[in-house]
Amino acid sequence: MSDGRVNADPQQEENMVKPPVKRSLTLLIVTYFFLFFGSIASSLLAKYYFVYGGSSRWVSTWVQSAGFPLLLILIYFPHYVLKTTTRRPFTRFTLRHLIFSVLIGLVLGFNNFLFSWGTSYLPVSTSSLLLSTQLVFTLILSRIIVKQKITFSNLNCVVLLTLSSVLLALDSSKDKPSGLTKTKYFIGYVSTIGAGLLFALYLPVTEKLYRTVYCYAMVMEVQLVMEFAATVFATIGMACEGGFKEMVKEANHVFTKGPTFYWTFAILANVVTWQLSFAATSGMVYLTSGITGGICMTALLAMNVIGGVVAYGDVFGGVKIVSTVLCIWGFSSYTYGMYMKMKKEEKEKGEYSGVKTTEDSVEMEVEMGNVKDDVAAADDRA
């Protein structure tokens, strides 16, 4: 992996590769592509497990983080195979990084559990739109935790996306699947909102943690520890509830598509796509910011809504159409605002940088192509 940060310590610079801006911009595009694919595929496959007979929320929680060994490829290949960095894996991975990664991972594990509860009861389209409520809390917490500036573009985006969820809530009675009690629907509704709130906390907290790392590979190392901790949380739940035995029982006797589809799509494909989604989310937060990563993910919720309608026949009435349009409108307004701000600074400074990069041992923060010359923030990151 190419490095995307700077550190004034000469000894650290020896273990870093300073890539050109174009290479870092390519990394950002590739990261968003995996976020796009992983987010949509994981949401649909999570529902696939429940649609065809799966019933264990702990199994659904476990598969969301159990693919953490896949991150070893992103950690070790750049140094030992691709030779794109001289930094050895886990170099300068401190005790502080370890402790915070474990704590965040445990919170992430509980977040996955809440998501599983919501997914088991709600249609994909409904849960996807409900998750967009996390954005308003991400903005607030980003302001508190990482001093994120509140601008018209990000505030307008948050308002539109939140309004889309409010509209959905007002029309929720029409969207309740047949045979599902009001109590279970309420549990799914509240669980999904809770998952959104925890993820809103996850984004700015990880952004603050990533300010102490200095390369993309180190981000994957932190993510590996987080996912490991989340897997331990899910494994304990699985063991207490007999989840591993239940997996065998579901595969052989319950899952309507048969054992092959169960292990291939409901389990293995879920493991891979969830890991892609979480790893890409971490990459987006590192390369841009927590609020930008949240907005990019929320924009994909509109695709999840459409995916739920196509794959599972979810009802796509007038309210969902309006909610989806508001999601797209909010993201488009934010992207346009960032574009105009970038163009303005490009004109004023005569320079452009696509993502966070290194120049003359001075760290610069870039959000969607916007260079922020905040000296205090740079000192804090160094």
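Keep in mind that glycine also has a Cβ here, set from the backbone N, Cα and C atoms.
Here's what TrEMBL has on this protein:
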type	residues	note
TRANSMEM	25-50	transmembrane segment
TRANSMEM	62-82	transmembrane segment
TRANSMEM	94-115	transmembrane segment
TRANSMEM	121-141	transmembrane segment
TRANSMEM	153-170	transmembrane segment
TRANSMEM	185-203	transmembrane segment
TRANSMEM	215-240	transmembrane segment
TRANSMEM	260-279	transmembrane segment
TRANSMEM	291-312	transmembrane segment
TRANSMEM	318-339	transmembrane segment
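Across 185-203, 260-279, 318-339, the stretch most heavily in contact with the transmembrane segment (215-240), judged by Cβ pairs under 8 Å, is 260-279. Within its own chain, the transmembrane segment (62-82) has Cβ neighbours under 8 Å at 1-2, 42, 46, 49, 88-90, 105, 108-109, 112, 115-116, 217, 220-221, 223-224, 227-228, 230-231, 234-235, 237-238, 243, 267, 270-272, 274-275, 278-279, counting only residues six or more beyond its boundaries. Packing against the transmembrane segment (260-279) from elsewhere in the chain are residues 34-35, 37-39, 41-42, 45-46, 48-49, 52, 54, 59-60, 63-68, 70-71, 74, 220, 223, 227, 247, 250-251: each is 6 or more residues past its ends and has a CB under 8 Å from a CB in it.
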